[in-house]
Amino acid sequence: ICDPPGEAEPSCLLWFPANPRHVQEHHPTPSLRACLGCSRSGKTGGKNKNKQPTPQPLQPLLLLLLQVPKSFAARQPVLPHRSSHERENCAHPAPPGSGHHLRPGLRAADQGTSSWHLPAPAPRARGPGGRPQPGLCRSDTRGAGAGGAVPAGPVSYTHLDVYKRQSDASRAKPSDNCIASVDVQLPAKAEVLRFLDAGGDRPPREALAVLYFGDQADPNVTEYVVGPLPVPTYHRDVTVQKYGGKVPYHRRPVTGVEYVAISALIQYELRKAPRFLAACCASDGTDLAVLTTAPRGFKSGDRSSWFVVFHAVAGSGYYVLPVGLEVLVEHGELDISLWYLSQVFYNGRYFSSTAKLEADFLAGLLDVIRVEKPQDATVMGSMRPRRPPGTPGPLQYEPQGPRYSVRDNRVTFQGWSIAFGMNPNTGPRLFDIRYRRERIIYELSLQEALALYGSNCPGGMSTRYLDGSFGIGRFAYELVRGVDCPYTATYVDRHYLAESDVPRTNQNSLCVFEHDAALPLRRHFSDMQSLYYGGLRKSVLVIRAVSTLINYDYVWDFMFHSNGAVEVRVHATGYISSSFFHGQGINYGNKVGPHTLGTMHLHHIHYKVDLDIDGQLNSLEAQDMSYEHLRAPWNNQKTIERPFLRRERLERENKAAFPLEDPLPRYLSFTGPKLNRWGHARSYRLQVVSFPGKHLPDSSPMERAVSWGR
C-alpha cells in the first residue's frame, strides 16, 4: 500500500514480439537495439519450455526503457497513476524492491555493479542489400521464447548520473548507495483520458527509479522520474511531492543482503548454546531454518525483528515445525557488524542472550521439551503424495480453440476488453475494462494484503504482515499447467527489476482462460399454459496469478461474466504459520501437531476499483428495504406489511465510507449521468461478500497504517 505506483509489465516497456519477422516488417526503424526478457503470450505445450533469459547488466534495461520505438509504443495502452490520497497514512512508504523471504541457504546474487550511464545501441547487423537482420535477441526466437540482449557502444545520458559511490543492489550493504528498482511511472488518469477519449496528446513515457542512499550524511530513500522515453531529457526528484518530505532510510524494506547477514548472525549466536540445541532440537544449529516477522518494532524508526526457529526438512514446509526458540535481532545500524541479538525466547521464558540460555540449561534451571528432527518419510507438512494417484478427473476442452484472444497485454472475450498487468509490489492490476465497447472500470487492482496473527510466543503475537512490502507481484511464480490453471489456458511471462542490476522474468506467471461455471446463466422450464424450456450456459473469463508469500499461496482471480458482471476472488492456500505450543496456547489457536500451535489469524485484502459508468460523473446510491403498515385497501378490517424501496444518494465520500462492522445497505450502486430506456440511471451494483472481522483496535498505533481495513 505504501509502495510507489508503477507497472513492471512488458506491455508498457518490456514487451517485445518474439517473432523477429514481426519486428522487421512492422518496426523497421532501428531505434530499439536491445531485447530483455522477451515476453510471450500464447499457448504453452509440453515442448515449449523456455530458458530463463540470460541476465545482462542494468544498462541494457535502462536502454530498453529509453529506446522503445514510437511506432511500437503507440500500440500499447497507457496506464494510469494511483492518486496521492491513498498514501496519507502509510507506516512503510517503502519503494519497490522490498526484501526477500528468509530461507535456508539464501545467498545474494553475484552480479556486476550498477551504473546510470546508458550504453548506446549498436547498428543492427545487416544482410545482403543492407536490410536489417531480425536477430535482436541473443536467445532462440523461433518460438515464443525469452532472451537477453547485449548492447554495444558507449553513450550516456549524463543527467542520470546522480551519484558516484554506488553498489550492485543485489550486493549492497545498508551503508551503500544503490539503485533499488526501476519501474514504469504511470501517467495521471486525467492525462490518459484526454488522450484516449478526447484526442489529446499522448502522455509522455516516464520511468521511476528508486534509490537507496546509505552512503551519505543523511541516509534516505529517493525517487526520480526520468523522461520522456525513448529519449530522456530530464529527471526530477518526486520524493517530497509524493510523501510530503524526505523518506527516512529506516523505512526501506529489509533487503536480501540484510537477511543473509541476519541469518549469519543467528547461526553465530546459536553456536554459543551447543548443548541446549542438542537437548532441545537434536541439532547443532546448522540444520535449522529461521522465519522473519513484521513489523520491525513498535514505532517508526525501529528495525528490531523477531525471528522464529524451525526444523528444516528439504521438500517440506518448515513453517509447521517450530522448535520453541525465537530470537530478537537489532538491525538498525548501517554497519552490519553492529547488529546483535537483544533477546532470546524459549518455552515461555526470555533470556538476554544465547549464552545465558546455555548457562541456565547447564545449571538445570531450564525446562527443555525435546523436539526430534522429523524424518523425510514422516515429516508433517510434506506435500509428497501418500498414495498412488487415482483415475484422472474431468478436463476442460475447447472444441474449436479458445473463444478469447490475447494480444500484447489486452484480452478480448465476448464483448469484454481488458488490459492486464502485474505490479511487482501490489500484484495484479487491470485497466481500461470495457464491456460492449463502453469503459466501465478504469482501474481494478490489488493494493495490499494484511495477515495479522495471535500467539503466546513473541514472534506470533507481534506479526502483522503487509505483503506488499515483500512483493505480491514479484513473488508470483510460474504456474503449473493442469493444476494452477487449465491445460488449455494462455500463459504469460511477467518481468520486474528490483533489488538487482538485471531484470528478472517469472515465466508463465499469469494465465488467462475461459471457465465453464457449471451453472446456467439463466433457465426456465414451463409446464403451465405451454410447455417449453429455455436456458443459457454460463461461462467466465478468468485472469489469474498466484503469489507465494512465505508460507501462504494466494490465488488471485479476476473474473468476467458473459452478462457484464465482474467478480474478484482470492483463495488462500499453502501452509499455516505456526508457533511452538506451550502454556495456554489453546487460547490463541488450535494444536495441529505434537508441538505445533496453528495460530489464530485474519486476512484483510485491499482492492482498488475505479468505476467509470458512462464517464466519470458517477454517483453512489444506497437502496434498502423498509416496511410500512397499512390497512388493506380491499378490506379495512385487516392490515398488511408492505415492503418499499428506500433510496438515498450519498453526497459525500465520508458517507460512503462504511465502518467495517456496521451493516451495509442492501444495495450499493454506482450510477452514471444517463438514463436507460425505462428512466433509471445506468448503474453497476457493488456486492461485498466478505467477513474479515476487526483488523486492529482503533487505539492501536499501527492502525493508521492499515486504515483501509476499517
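Using the three backbone atoms N, Cα and C, a Cβ is placed for every residue, glycine included.
Owing to the predicted nature of the structure, the values given are computational and were not obtained by experimental measurement.
The active site, proton acceptor annotation in TrEMBL covers Asp467. Counting only residues at least six positions away in the same chain, the Cβ atoms of Glu448, Ala449, Leu450, Ala451, Ser547, Leu549, Tyr554 sit under 8 Å from the Cβ of Asp467 (active site, proton acceptor).
The annotation active site, schiff-base intermediate with substrate is assigned in TrEMBL to Tyr552. Counting only same-chain residues at least 6 apart in sequence, those with a Cβ under 8 Å from the Cβ of Tyr552 (active site, schiff-base intermediate with substrate) are Ala451, Ala572, Thr573, Gly574, Tyr575, Ser577.
Helix, strand and coil counts under DSSP for the domain 'Copper amine oxidase N2-terminal' (169-234) come to 10 helix, 29 strand, 27 coil. Summarising the annotation, TrEMBL assigns domain 'Copper amine oxidase N2-terminal' to 169-234.
Here TrEMBL flags 252-349 as domain 'Copper amine oxidase N3-terminal'.
The 2',4',5'-topaquinone feature in TrEMBL is assigned to Tyr552.
Per TrEMBL, the feature region 'Disordered' maps to 37-56 (among others).
Annotation source TrEMBL lists region 'Disordered' at 78-151 (among others).
Residues or ranges marked as region 'Disordered' by TrEMBL: 380-401 (among others).
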| said: Please compute the mean pLDDT of the model over the domain 'Copper amine oxidase N2-terminal' (169-234). | reply: 92
| field | Residue counts (helix, strand, coil, in that order) that DSSP gives for the domain 'Copper amine oxidase N3-terminal' (252-349) | value | 29 helix, 31 strand, 38 coil
| Under the DSSP assignment, what numbers of helix, strand and coil residues are found in the region 'Disordered' (380-401)? | 0 helix, 3 strand, 19 coil
